[in-house]
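Worksheet: the structure to be examined is printed underneath.
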Amino acid sequence: MSAPSSLPPAQGENPAPENEGLAVDTGLKPAGPTPSSSRFQVDLVAEAAGAADKTLASGDKDAPAPEGSEPAAGGEEAKGRFRVVNFVDPSGASPPEAVPAEGFQNGDTVMSEGSLHSSTGGQHHYHYDTHTNTYYLRTFGHNTIDAVPNIDFYRQTAAPLGDKLIRPTLSELHDELDKEPFEDGFANGDELTPAEEAAAKEASEPKGAVKFGWIKGVLVRCMLNIWGVMLFIRMSWIVGQAGIVLSCVIVLMATVVTTITGLSTSAIATNGFVRGGGAYYLISRSLGPEFGGSIGLIFAFANAVAVAMYVVGFAETVVELLSVDCIMTDEINDIRIVGTITVILLLGISVAGMEWEAKAQIFLLVVLITAIFNYFIGSFIPLQSKESQGFFGYDSGIMMENMGPDFRGTESFFSVFAIFFPAATGILAGANISGDLSDPQLAIPRGTLLAILITGIVYLGVAISTGSCIVRDATGNDNDTRSTQIMANCTDAACKFGYDFSSCKSDDGLYNCRYGLQNDFQVMSIVSGFGPIITAGIFSATLSSALASLVSAPKVFQALCKDNIYPGLEMFAKGYGKNNEPLRGYILTFCIALAFILIAQLNIIAPIISNFFLASYALINFSVFHASLANSPGWRPSFKYYNMWVSLAGAVLCCVVMFVINWWAALMTNVIVMGLYIYVSYKKPDVNWGSSTQALTYHQALTHSLHLSSVEDHIKNFRPQCLVMTGYPNSRPALLHLVHAFTKNVGLMICGHVRTVSNQRQLSNDQTRYQRWLMKNETKAFYTPVFAEDIREGTQYLLQAAGLGRLRPNTLVIGFKNDWKDGDMMNVETYIQMIHDAFDYQYGAVVLRLKEGLDVSHISEQGVLTHTQFLGPTEKSPQTLNVADQRLLDASQLFKRKQGKGTVDVWWLFDDGGLTLLIPYLLTNKKKWNDCKIRVFIGGKINRIDHDRRAMATLLSKFRIDFSDINVLGDINTKPKKENVTAFEEMIEPYRLKEDDMEQDTAEALKASEPWRITDNELELYRAKTNRQIRLNELLKEHSSTANLIVMSMPLARKGAVSSALYMSWLETLSKDLPPLLLVRGNHQSVLTFYS
């Protein structure tokens, strides 16, 4: 609508805008960044034969055109051909003497961001292309700046893999040569947040950073994490409890969950470049910051506490080995001492750098694999000395006896499964250091899935092996042998080897032996070829898992802090050294781990940590389902071996397993995740990662919009959907606030803006800019600017085309034109015709009048006030305002404040379908207006006042609309006061045609050129209607002078019969010197009903 002047008025002046209610946009830009001048200057080049062409093609010197030179001969053939000439470094350096030949062959080269300098005009065009020192290109052998596809065009700013280049903009290729190119910017979704730019910049600066391949970076870490202590000290016990078959089922169930999660992880990891942050990065970029932020925090915390778990497991094993004669104090304190020393050593390895940590992991893996081979080799070498402890070598009898379950005590299938499953929670160990992988898209799928396969096979092998060569119970006493005479009655598998272990089971059903699958957690050490190697394997498994978690937690936490999801954690985002190591995160993880190590009792914390990991797995699986369901064109992972329904099943499985492991820990995990989700949703971090949540929101909006369009409108579902002609949304605050008050969460609101100067570049920028402004100010509306020759034409465009399907405006809202008497009356003609157009398009029409005015764009320092934010009523503007402007500024915030106790007076004089009554009802239902009562005023006759009042009360009760009073105006047809009539005649005097005082031809010509003029015939014909408007103003002053808001039926003027000046005079007379007044006229279609 209206654009303010670029120069503020002098202090103390009050320049009234020419069009108060609907100012025509003059095309002046609001304060803010201006587009750069042309990035290049072109001169026509003659396609002359011979040396010049050959010189250019071969990459020789490019001679600049002489000052004032004309195109050479042959210019007609060269029409439309152009090249960039005489570019000079802005620092003053001379243009390059020679252009390398490859510069012409590299047709996809364009300016980098650092090379965008403005042209200064004249004969020298300052430019320096940082990519090739030239901007004259040959694409397919043709002189053009149009570039061929190049990966560098698609990079984000400061991308770590290379410099982002800027392709030639559409305006550079399409606009006339004297036009400016578009402002430099990013395509929707390419722009990085400051946090991402900083992170990418840091990632791009270090040289010589250590990057890992898929074996060392992912496969080794995942195998070490999955092969935990469970493999050596719990797998045999699980086989004893569940038997071989159910043990394999337990391993396969866990493997199914991890495999599905691995497939989902692979899909997300191959759907674009992956930065550091592991599970947090994958989830946040897929589902958005709400889920990512909540999972990222608990996942980092779980990894930190997991360090304590693994270290305590290591310390318990050490203390148990030394318990014979090396107890320092007592068992608990010894665990604390050994654990503290261990975690300090692990911290030292981690802080030394990822390279040292990777070397330590390789060493630990070698020890672990050696221990596994040591067990399998030992299982084929039965010894007489081990038989009393239950190990007899592979035997079909032992295998068949151990095939079925033998749950003892309170154990069950699910309790045993709950004990085993934490062994499978290490599949994200490689993904967690995604920032340190040379090619995450290749490494994460290959390393993770191969690790799941290898470790699953080993777990199955150990389950079958231990169940085939070790009995469930053994005494360890060599004298427990059976006599020959009762050997025939022996049924146990150990009987045929000459051993009787029946004494293990007492008469009360309890077992009291120390050896066998059920009783000895260290049975694999007995079976192995060399027992101490198994102990070394246990040490390796615990230390490697602790080391992986100690590295993972800070990396994930650092990525979370870089995104600034949680205020106050920015200090942990800083990295050090060539690998951007999160040293502060290491210290924090160390402190958390040390605190839990000092507890030394992690039986309660362990299931919570497993649930934290499972919550992460569930969300990763759900991310793939969600992204596939949204059907976004951006979801195209190069890893194809996934299925959205399988991923959904994996998410459900993870949730089920959470409750199987520990129901109260699962509930606690869900509560924590939801609490963090609600917090991040409330804070609304300013990030845009193109998440699947956005894609699904679009998909659902599109689907629902199409579905809505197939359903006919119903009166009960009518909503005022307003096209509000605000101009810039912050130019008319009162209009914006009032309409938003009754459309918020109820109906559609579109802020229409007609621009009358052709500036498509600015139109596009304003669309994005002011939509963000509306969202920032929590105004639920859409900003829609259009370009048109005049304000009426633009409004017609909006009336016809604004909205989508059923989400289309049905009511035009405009501000009253306070300054109509001061400007060109053709603007009044345009203004009135807009109202007529609204009725022609079957719209309702609403006009808001404040006696102080609506448009604040002319106030001094408008760049700050109008185009940045509203100044509140208590804030001071940068310059001292005159009284009128100060009142205008205060009035602009009138509807933003809480309305005190008062009334909303509804003058429902004519039945327009009920819109005049519906708007105040919606308004008084809002919190800011709920202290105001509705008073209804209707026209009537003196002798029927009581009857009319009862009839209206009945109608309002049927409409279920509360009211405080009904007033019947019996004197509405009384003649107005003479002085008011005289004032009206004086007001319209300058606008009368006075055709009786001139020739008919002259009068017709004047009327044709100035159609707004009032004819004598018209004035006499509508004398009664004129008097009614004057009288109504008198009644309004009498009854509603103290109302918070007056809502009144708008008088209609028959199109073509009532001139614009007369209609404007009616509106002026009716609404002058009153509280805020809303003139309303519906489209005479019912919007209220009393039927259910």
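Glycine residues also receive a Cβ, built from the backbone N, Cα and C atoms like all the rest.
Annotated features in TrEMBL:
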REGION    1-80  region 'Disordered'
COMPBIAS  65-75  compositional bias 'Low complexity'
DOMAIN    129-182  domain 'Amino acid permease N-terminal'
DOMAIN    217-723  domain 'Amino acid permease/ SLC12A'
TRANSMEM  218-238  transmembrane segment
TRANSMEM  244-274  transmembrane segment
TRANSMEM  295-315  transmembrane segment
TRANSMEM  335-355  transmembrane segment
TRANSMEM  362-383  transmembrane segment
TRANSMEM  412-431  transmembrane segment
TRANSMEM  443-464  transmembrane segment
TRANSMEM  530-553  transmembrane segment
TRANSMEM  586-606  transmembrane segment
TRANSMEM  612-630  transmembrane segment
TRANSMEM  642-665  transmembrane segment
DOMAIN    732-865  domain 'SLC12A transporter C-terminal'
DOMAIN    880-1092  domain 'SLC12A transporter C-terminal'
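Shown for the domain 'SLC12A transporter C-terminal' (732-865): DSSP residue counts in helix, strand and coil, namely 59 helix, 26 strand, 49 coil.
Looking at which of 362-383, 412-431, 530-553, 612-630, 642-665 has the most CB pairs under 8 Å to the transmembrane segment (244-274), the answer is the stretch 412-431. Sequence-distant residue pairs (6 or more apart) of the transmembrane segment (612-630) and the transmembrane segment (362-383) include fewer than 3 whose Cβ atoms are under 8 Å, leaving the two stretches without contact. Predicted-model confidence for the domain 'Amino acid permease/ SLC12A' (217-723) is 84, expressed as mean pLDDT. Scored on C-beta pairs under 8 angstroms, the neighbour of the transmembrane segment (295-315) with the top count among 335-355, 362-383, 412-431, 443-464 is 335-355.
Here the transmembrane segment (218-238) has Cβ contacts under 8 Å with residues 212, 247, 250, 310, 313, 317, 358, 361-362, 364-365, 368, 371-372, 416, 419-420, 422-427, 429-431, 433, 437, 443-444, 446-448, 450-452, 454-455, 458-459, 462-463, 466, 470, 517-518, 520-525, 534, 537-538, 540-542, 544-545, 548-549 of the same chain, all six or more residues outside its ends.
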